[in-house]
Amino acid sequence: MRVTMATSRQHPFRVTSLFLPVLAILLVSQLVLTATANENTTSPVITHEAVDDTHGDNSSDEHEGGDAEPHRGHGGVHVASWNLKYVQLPLTVTFFALFVGVAKIGFHHADFLSAIFPESVLLIVLGVVFGGIAYATKQTGSFDSQTFFLYLLPPIILEAAYSLHDRTFADNLASILIYAVVGTLLNTFLIGLTLYGISLTGAYGNSFTVGLIECLIFSSLISAVDPVAVLAIFQEIHVNQVLYFLVFGESLLNDAVTVVLYNMMNSFLSLETIPASQIVLGFVSFFTVSLGGAVIGFLVGILTAFLTKFTKHVRVVEPLAILGMAYLSYLLAELFHFSGIISIICCGLAQAEYAFDNISRKSSTTVTYFTKMLSTTTESIIFLLLGQTLWAEKHQWNTGFVLCTLLFIFVYRVFGVVVITFVVNKFRIGKINKEEQFIMSYGGLRGAVAFSLVATLLPEDVPARNVFVTTTLVVILVTVFVQGTTIKPLVKLFRIKRSGQEDPTVALAIHQTVIDYVMAGIEEVIGHKGHNYVRMWIEKMNTHYIKKYLQRNPTSWEDEVMKTFEKVTNHDHHNHIFKLSRGEECRKNSETEIEKFKPMLTRGDSYFDSIRRRHTFKKTPGGEYMAISDKATPADVAGIMKKNPRNALHEKYDKNLLNDDCQDLPLLMRQRSTEHVLAQERITAMRAANKWRRAVRSSKSGGNVPATIAEENERKGDREQGEEDIVFLEDEGKSKEPIVKIEPEIIGNDDADTNV
Amino acid sequence: MGSRTSSLLQAEEIEQIQKETGFSKRQIVRLYSRFTSLDKSDNGCLSREDLLRIPELAINPLGDRIIHAFFMDNPESKINFRQFMSTLSLFRPIKSHDKDIENPCNSRDNKLKFAFRMYDLDNSGMVTREELLVILQMMVGSNITEEQLGSIADRTIAEADEDNSGAISYENFVKALQRADVEQMMSIRFLN
């Protein structure tokens, strides 16, 4: 860690060096892609348009092909041979995934970028660069809708579903559903009709006209807020829970509306006239698609819980059961043309409620980590591919259409949110205020779902397809780039209530339950069974009937409290050991010093943790790096933590799994022991300094106390070295080494003194 | 139903309650009909027994204490409609115009005081370890041992108790719930 610090000071251009591996991997994967393209097969991630052209190349590849399969072709032993055909598909996928991983590491270290831009923006830019290289080498990759829906999307939604297992979500479910269903419907029809109306006036130019159904197809796919884009942005701005779940929940649950409207409009295309019965059927299909998906998901989730009830002696299959069943729910729903997204959400929620208590702690960690890893990776791949498609698709630009779409999606989004909030607020206790409404409207990002839908349109059915594709891409880019980048400052500007990192306390868990019971009781007194009553009732049913059959050891409220209690006491336990071992040696004479060091030893981010990050170094106007003062008050430390862009980005959602270190006991112990050594050295140094200062004071007769320590240093001879280190300790500003080296004699002296 | 009960309720009385509690007229009329339906003895007052008759409240682990809280300021164990309403007004959601009034009845402080009373049975202003244990026992089932419960109680007190008194004072309680959105948690939407 110290090495990093040193290099950071000596090489201000470290970021460029960090990008080198990124570029290297990029080039390598590009090479592989090129090679695989020559091999003429389509990979699941990248599909190649020029399939027909490359068919002819087969003969020219004969030579390589022969080499690739030595055991089949001409005889003789090959010491080494080129066997690309055999591995190319997994190889491409692996390279791609690893590239994404390396790119993320790169962004992580390029603070100046990630402080301003969200990761999704950077990935799209990278995708554009990547696609540019591919384009230059005549290899065009494109975004494959099937890959997207079957492989890339499910992990993200599953991970999101687990995060929805939260009381705030349940409390706000009604509002979220209204936003998702009514809001999306409203937007679709308003945008579709407006675009059609403008088309009638001929504002898009003479050569371009669109029909009503075409407009509605387009509006049905463009009006839905995209879960992937929203998640990517909202994870990073950590607004309060209610706002987060309102936007994010809406983006997830509007899927059924989008699917139904999109399919309905597509089927209308082939009809000459649209009979009313078709519209009624469309309305009915909304219920089958959404509820069918929900029921499949819930049943599969229940089945998972039932399955995991019997895995006590076969722990190893637990993660498989959870993840496999979740994917099954998605595929089953898609099999019947139901909403796979809604299905996997319901499945994930049921699993989180019932199955997670059956599986071992390690299994649940595995599930959490695996879904998190998978979803982060696929999310990045999606954005990267989106960037690439900029080069791949056949574009047709229509300024009028693009501008109108951009304008109206924003106008109607605001309109929809304001109208629905007006209604919803009448029934809510915690009202959604104006600023939050603005963030809700502004957070309506469009993303890859819209693009995959538009890409599946056929030019034969929809003549305006290419215009739609271009417009969708522009909308996605504008919403993700402009809104995604500016939403964070706006959240700050409007002083939107943020979510803090809250340590759970036992007291809070208990008080919360008491209040819940009180509120349920009061609702019974006034005879109006409101949501408190419903919550109590559901909880009772859950505990008494459902959990009994689905869980090995049915959990209840007290287990929740016990869990919190264990967590808190564990935390305390670690802290306690740390303090004890430190305190025992210097308890006698340095109570005050312990006070001074308290900020470093407080829970969570200890001071030494932050020293070792280079972010505690400020860059002075002169260009040199300066360490932030040693005498950091707790407020300072908090400030540093906030200013550190990396922490600001990953605080809430912990996308990069940073704060989970405490699961790792050995690591924690190691970390603590190094901190301990550092703290120890520092305390000894401080003590020596104080002692020495006292000695100086007493030796000088009265008023002749030196003004600065530096002066004293000059006067002192023998113990110069040690004192200089102490000076550094007092004023770390110009220091190069944060670690104090103390002359052995001083420590010896000091120890002798304490013993007296 | 509404018209019959409202006739029993004097117009001035409604106005007065409206002023005291901030409920709308229709809410008051509605709650009055609830009040009379609870009042089995038909004497314009509610007794503990009347409230205990509510079936769900009887199985609510804190039911006794909730009822007790209604009769807090009333030694005769009878409350009339106005007292009933003034207790209920604690749970009215906070609206923007409430901020203009000095010390509204549904303030955060009042809500918290009500919650605190759930613990503080002897009204001493302090929640002792014993009182906390009693309330914990009411809420938990059999899965948890006496010892575990004791350590949870100790922990809760230790978290809140800043003045080392071995008990939770009201100030400690407020501080423990500092981050919680009490205004929202302790509000009910009253029907019109």
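Residue numbering: from 1, along the chain as shown.
Glycine is no exception: its Cβ is also placed from the backbone N, Cα and C atoms.
The compositional bias 'Basic and acidic residues' feature in TrEMBL is assigned to A:49-72.
If you look up TrEMBL, you'll see A:721-730 marked as compositional bias 'Acidic residues'.
The domain 'Cation/H+ exchanger transmembrane' annotation in TrEMBL covers A:105-492.
Look at TrEMBL and you will find A:44-73 (among others) tagged as region 'Disordered'.
Residues or ranges marked as region 'Disordered' in TrEMBL: A:694-732 (among others).
The annotation signal peptide is assigned in TrEMBL to A:1-37.
Per TrEMBL, the feature transmembrane segment maps to A:86-103 (among others).
Taken from TrEMBL, the feature transmembrane segment covers A:115-136 (among others).
TrEMBL lists A:148-164 (among others) with the feature transmembrane segment.
The transmembrane segment annotation in TrEMBL covers A:176-198 (among others).
Residues or ranges marked as transmembrane segment in TrEMBL: A:210-234 (among others).
Feature annotation from TrEMBL assigns transmembrane segment to A:241-262 (among others).
Long-range Cβ contacts of the transmembrane segment (A:282-307) within its own chain (Cβ-Cβ under 8 Å, at least 6 residues beyond either end) map to 256-257, 259-261, 263-264, 321-322, 325-326, 328-329, 332-333, 336-351, 353-355, 358, 549-551. Positions annotated as transmembrane segment by TrEMBL: A:282-307 (among others).
Annotated transmembrane segment per TrEMBL: A:368-388 (among others), in sequence order.
Within the chain, the transmembrane segment (A:400-425) has long-range Cβ neighbours (under 8 A, six or more residues past its boundaries) at 175, 178-179, 182-183, 186-187, 190-191, 194-195, 198, 203-205, 208, 210, 218, 222-223, 431-432, 437-438, 440-441, 444, 446, 467, 470-471, 474-475, 478. The transmembrane segment feature in TrEMBL is assigned to A:400-425 (among others).
Residues 142-143, 145, 148-149, 152-153, 179, 218, 221-222, 224-230, 233-234, 239, 243, 246-247, 255, 258, 262, 382-383, 385-386, 389, 393, 409-410, 413-414, 416-418, 421, 465, 468-469, 472-473, 475-476, 479-480, 483-484, 487, 490-491, 494, 496 of the same chain, all 6+ positions outside the transmembrane segment (A:437-455), place their C-beta atoms under 8 angstroms from a C-beta of that stretch. Taken from TrEMBL, the feature transmembrane segment covers A:437-455 (among others).
Packing against the transmembrane segment (A:368-388) from elsewhere in the chain are residues 45, 96-97, 100-101, 103-104, 119-120, 123-131, 134, 141-143, 148, 151-153, 155-156, 158-160, 162, 228, 231-232, 319, 323, 447-448, 451, 473, 476, 655-657: each is 6 or more residues past its ends and has a CB under 8 Å from a CB in it. Tallying C-beta pairs under 8 angstroms between the transmembrane segment (A:176-198) and each of A:115-136, A:148-164, A:241-262, A:467-491 places A:241-262 first. Counting only same-chain residues 6+ beyond the ends of the transmembrane segment (A:241-262), those with a CB under 8 A from a CB of the stretch are 157, 160, 164, 166, 168-169, 172-173, 175-177, 179-181, 183-185, 188, 216-217, 220-221, 223-227, 229-231, 234, 282, 285-286, 289-290, 293, 339, 341-342, 345, 430, 432, 436, 439-440, 443-444, 449, 453, 496-497, 499.
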